[in-house]
Every structure is written in C-alpha cells, then in structure tokens.
Amino acid sequence: MALTAHPSCLLALLVAGLAQGIRGPLRAQDLGPQPLELKEAFKLFQIQFNRSYLSPEEHAHRLDIFAHNLAQAQRLQEEDLGTAEFGVTPFSDLTEEEFGQLYGYRRAAGGVPSMGREIRSEEPEESVPFSCDWRKVASAISPIKDQKNCNCCWAMAAAGNIETLWRISFWDFVDVSVQELLDCGRCGDGCHGGFVWDAFITVLNNSGLASEKDYPFQGKVRAHRCHPKKYQKVAWIQDFIMLQNNEHRIAQYLATYGPITVTINMKPLQLYRKGVIKATPTTCDPQLVDHSVLLVGFGSVKSEEGIWAETVSSQSQPQPPHPTPYWILKNSWGAQWGEKGYFRLHRGSNTCGITKFPLTARVQKPDMKPRVSCPP
C-alpha cells in the first residue's frame with residue numbers, strides 16, 4: 001500500500017527546505033538550482049487553498065509573489081522575539097499592498113465617538129489570574145467566521161463581542177447578524193472598513209440585532225437593503241465603553257466580564273502560522289492599527305527550546321528562561337489560518353498596539369457580574 005501525505009504536510013517540508021537558502025529578496029527566476037522545489041511548493045499551496053489563475057502570466061506573477069513571501073517569512077522568523085512561526089498561509093500569493101487593501105483599514109481614528117470609559121485609576125490594582133481562556137467555557141465563543149473579501153473585521157469583532165457576552169451572561173446562545181451591521185451601518189464603510197464603535201452605534205440605533213440565521217452574511221453591502229424592523233431582535237446592548245490603555249486592567253476586565261474587542265496593526269499576520277508574536281515597535285508600529293479582533297483570553301508559555309539560557313559570565317549558573325506571557329485573539333479569516341482561526345500576541349509590551357482601542361459592549365448593569373467565571 002502506497003504511503004500518502006496531506007498537501008499541507010508536504011508543503012511544510014518543502015518550504016522548510018527552501019527557507020534554508022533564503023536570506024534576501026527573492027523571485028522565481030532567482031532561485032538557481034531550486035526552481036523545482038519552489039514550483040512544487042507553489043503547486044501544493046494552490047491545492048491546499050484552492051487557488052487557480054486565469055492565465056500563465058498571472059500564474060507566473062503569483063509565483064514570484066509566493067517566492068518573495070517565503071523570503072519575508074524567513075525575515076519575520078529571524079526578527080520576532082517570541083515563539084511565533086511564519087510561513088505559507090492562505091495569503092501567500094498576495095503582495096503586502098493587496099493584503100492591506102483586502103483586510104486592513106487605515107482610516108484616521110479622529111472621529112472616536114463620545115462614550116463611557118472605565119474609570120478605575122484611583123483604585124488599587126487587583127490581582128489577575130495566571131491564565132484565562134473563555135474558549136474553555138462550553139459554547140461561550142461562537143465559531144470562527146470568514147470575512148472573505150469583505151473588509152468587515154470591525155463588524156465581525158463587534159458581533160463576536162455581543163454574542164459572547166449574551167452567552168456567558170444569560171446562557172442565550174445566539175449568533176447575531178454581521179450583514180445587518182453592513183447594510184444598516186450609519187458610521188462605517190461596510191466592506192471598505194470601519195471601527196468597532198461604528199458597529200455598536202448601529203446596534204443602538206437599530207435597538208438590537210437580528211440573528212445570523214434570519215439575516216445571513218453575504219460578503220458585500222447591499223444598497224437600500226437595510227430593514228432593521230423586518231426581523232426579530234435576538235440581542236441588544238446597554239452601551240459600550242473604552243477600557244484603560246493598560247494591559248493589567250484589560251486582563252482584569254477580560255477575566256471578570258468576558259471577551260472584548262481590540263484593534264491592532266495586522267502587519268505580522270499575513271504570514272503567521274502559530275506561536276506568540278512579539279514584534280518591536282519598528283517591525284509592528286503600535287500607532288498604525290488597522291484590524292479589529294476579539295480578545296478571548298491570556299496565559300503564558302515556556303521557551304519553545306526548553307533550555308536554560310547562559311548568562312554573560314561563564315562562571316555563573318545557567319538561569320531558567322522566563323515564561324512568555326501572551327494574549328489569545330479570535331480572528332475572522334477562517335479556521336484554516338493561524339491556530340485554527342486564533343492567534344497569540346505577546347502580553348505586556350503593547351505588541352502591535354493592542355492597548356490603543358480596547359472596546360466592549362455592555363449587556364447588563366455595571367454592578368452585575370457574569371454567571372460564569374473564566375477558566376484558566
């Protein structure tokens with residue numbers, strides 16, 4: 001009986017071999033003795049992610065981009081300070097500019113609306129649990145969604161926030177309509193991007209949201225198709241607030257009340273596969289945030305190598321490595337991307353601007369707490 005391997009496994013092996021020789025800008029014709037390996041890796045990429053191209057010229061163009069992105073993944077691997085792994089992803093045949101146009105949004109956030117803010121600066125800092133993962137509460141987090149070519153991460157993050165709060169607060173397992181947020185948005189730009197508060201304003205204006213079942217996602221804005229009173233509302237919000245730009249406070253709130261939305265710089269995500277991203281402000285500017293996601297937990301991981309780092313002095317004893325603290329984030333690019341649709345960012349260094357817009361809806365009175373505690 002012949003042995004077979006899944007395309008993703010073969011692709012990983014081929015890419016690992018190619019990466020050993022990649023150190024600079026790369027095109028298909030620059031590979032010298034390696035063109036067959038590159039072409040085979042690209043063929044497996046097409047099979048795994050169901051890619052086809054309209055002409056030989058387009059195929060050659062995408063092959064060049066694929067080769068360039070292999071080199072870029074290698075550079076990211078060398079620059080990252082965490083445990084992240086970069087390589088072939090569903091977006092490996094896109095240029096950085098194309099990826100940004102499809103999934104990022106660079107609108108200046110000067111129009112931040114007036115909203116409530118969490119004011120706790122005079123209170124002593126409370127302890128934060130070692131870890132918190134709302135995914136471990138049965139059905140608390142709705143399934144991973146795929147925004148496809150509609151740049152609506154802002155709407156999907158807001159919908160995920162509302163769904164989760166209803167699930168952990170009231171045991172009401174609803175999936176709310178992202179399409180209603182797109183069709184009825186009065187502040188956002190639909191599939192051209194927006195901010196999470198745009199979605200929350202629409203929810204307040206519409207007195208709630210219909211279900212995903214009644215008002216399903218179409219992947220595009222439908223002009224003159226906003227019918228906020230046509231379908232029964234299954235979830236609504238009291239208001240929304242901006243949390244303090246402090247990772248300790250964000251962790252406290254997350255563990256106590258549930259997942260929140262954050263808006264980050266998505267630059268390292270195009271070629272991300274798994275692990276904890278720890279980028280520097282130079283490689284991932286915390287001021288240039290362009291992608292909204294749902295923050296669902298936090299924890300720590302030991303050094304992947306599992307070895308003790310030697311100190312500068314040869315006479316000193318080796319010291320155990322410090323654990324790497326991380327945030328767990330739910331993305332909206334489908335379950336084939338990242339860690340089954342999730343990813344992790346370093347916690348404690350404002351990686352990729354995670355503290356810039358920590359925003360959440362509220363679906364209950366401020367003095368009430370959810371009926372469920374966040375499991376470690």
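Every residue gets a Cβ built from N, Cα and C, even glycine.
DSSP assigns Cys153 (active site) to a helix in the three-state reduction. The active site annotation in Swiss-Prot covers Cys153 (among others).
All protein chains considered, the CB of His291 (active site) has 26 other CB atoms within 10 Å. For His291 (among others), the entry in Swiss-Prot reads active site, with the evidence type similarity to another entry.
Around the Cβ of Asn331 (active site), the number of neighbouring Cβ atoms within 10 Å comes to 27. Residues or ranges marked as active site by Swiss-Prot: Asn331 (among others).
Same-chain residues at least 6 positions away in sequence with a Cβ under 8 Å from that of Cys150 (disulfide bond) are, in sequence order, Leu182, Gly190, Cys191, Gly219, Lys220. Look at Swiss-Prot and you will find Cys150-Cys191 (among others) tagged as disulfide bond, backed by similarity to another entry.
The disulfide bond annotation in Swiss-Prot covers Cys184-Cys226 (among others), and the record cites similarity to another entry as its basis. Cβ-based neighbour count (10 Å, all protein chains) for Cys184 (disulfide bond) stands at 21.
Around Cys284 (disulfide bond), the C-beta neighbours below 8 angstroms that are at least 6 residues distant in the chain are Asn265, Lys267, Pro268, Ile277, Thr351, Cys352, Gly353. Summarising the annotation, Swiss-Prot assigns disulfide bond to Cys284-Cys352 (among others).
Under the three-state DSSP scheme, Asn50 (N-linked glycosylation site) falls in the coil class. Sequence annotations record features per position, and here Swiss-Prot assigns N-linked glycosylation site to Asn50 (among others) based on sequence analysis.
Non-local contacts of Asn205 (N-linked glycosylation site) by the CB criterion (under 8 A, 6+ apart in sequence, same chain) comprise Cys184, Arg186, Pro228. Annotation comment: Swiss-Prot describes Asn205 (among others) as N-linked glycosylation site.
If you look up Swiss-Prot, you'll see 1-21 marked as signal peptide.
In space, Asn331 is the closest of the active-site residues Cys153, His291, Asn331 to Asn50 (N-linked glycosylation site), judged by Cα positions. Taking the Cα of His291 (active site) as the reference point, the closest of the recorded positions Cys153, Cys226, Asn331 is Cys153.
Taking a C-beta cut-off of under 8 angstroms and a sequence separation of 6 or more, Cys226 (disulfide bond) has the following same-chain neighbours: Glu180, Asp183, Cys184.
For the recorded positions Cys153, Cys191, the ranking by surrounding Cβ atoms (within 10 Å, all protein chains) places Cys153 first.
A distance of 8 Å separates the Cα atom of Cys153 (active site) from that of Asn331 (active site).
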